[in-house]
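Accompanying notes for the structure given below.
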């Protein structure tokens, strides 16, 4: 089957045809390590980790680049406010992001370039834009000339976001000498006390948009397959990346993919609103694999509304899968179901893929109850294949757990097995058995909590 991707640039589902057959090249806008990561940040990493895993599962050799924006206005401001060197501030939070990615099972990128390590590439990029007539230098800063580019043959400025040029204003704070309000900084002239690098136009530091265009094309070439990022980056960041690249003569990305926000009480999760949830705090409620399951469970283009009940229900869903595989015992990874492949090939439709997994779990448990171990093992092998693609194969996660984690896991599996028995009894209206399971767990200090999506448990 052919993978189809919703391309933000054309607002259509398109067949994925890689630039180089047998290979896939992907660029993901990564972290700006100005503060601790929250689940809004991490959703993007998990969503496109699933994309990457599916491309790999289809036999493609994937070059996956995820950058680090290690210099920008917010970093400098926060470091200064806290009396710390900017590079030390960045290093602290970059380590937190790396820990978070690793903890949630996000595969390491093929390359993780930092902006400050690619000033040479940025200088060359600016020179090309100036030579082509689409950038200009003023008092040590370099700006992209939006008016000149928007009038040029082949210009598509505004097409990604749907904005009109006349309605755009970049809001650059350092706008002295700009020819137009839409123009944005490629390079910012040095200020006292700030880090700077030498260029032919004066010392300074890179603009945000220039960094990604220069690094993406340096590592993936002037034309590559997929550019990913959060929906909030669509404008101005990604719109300006496209403008720079096309004005420089590069074809740039063939497909654009954007994940939607994590919201709380209907509002986008953001530091400015004070409604962010740091990953370590979340991990006090659920295990890392359960948080990954939750973050990846919604379609990447859908809003993920956070609530404690939604997180608990996701954990219950994962534990059902885990409990089934524990019942079956050791099985090798098999083949995914045809329905799973259809779901993943249709714009990475994880909710439909999860439905395939849970159908297989239900059928497998039924087979075990009937004594058909061969059928159960075949289904378990399929479940392992499907959960592996999504990055939460319970067997793989279990093998990576420490002693404490294994003890917790064993306890959880035992209780989940009892909850499955109770659920079966309730479905058969065998209330005596259902009550017996509940009471026995209560005697052990475990409270059963019934939710719309099944039962979970907590210590009394």
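Each residue, glycine too, has its Cβ placed from N, Cα and C.
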Annotated stretch (motif ''HIGH' region', per Swiss-Prot) among the listed ranges 9-19, 20-30, 31-41: 31-41
According to Swiss-Prot, which of these ranges is motif ''KMSKS' region': 268-272, 273-277, 278-282? 268-272
Write out the long-range same-chain contacts of residue 271 (ATP binding site), meaning residues 6 or more apart in sequence whose Cβ is under 8 Å from its Cβ. 35, 38
Translate the DSSP assignment of residue 271 (ATP binding site) into the three-state scheme. helix
By Cβ count within 10 Å, point out the most packed of the binding-site residues listed: 29, 212. 212
Give the three-state DSSP assignment (helix, strand or coil) for residue 212 (Zn(2+) binding site). helix
Looking only at the motif ''HIGH' region' (31-41), report the model's average pLDDT. 93
Cβ within 8 Å of the Zn(2+) site's Cβ centroid: which residues qualify beyond 29, 212, 237, 241? 208, 209, 211, 213, 216, 227, 229, 233, 238, 240
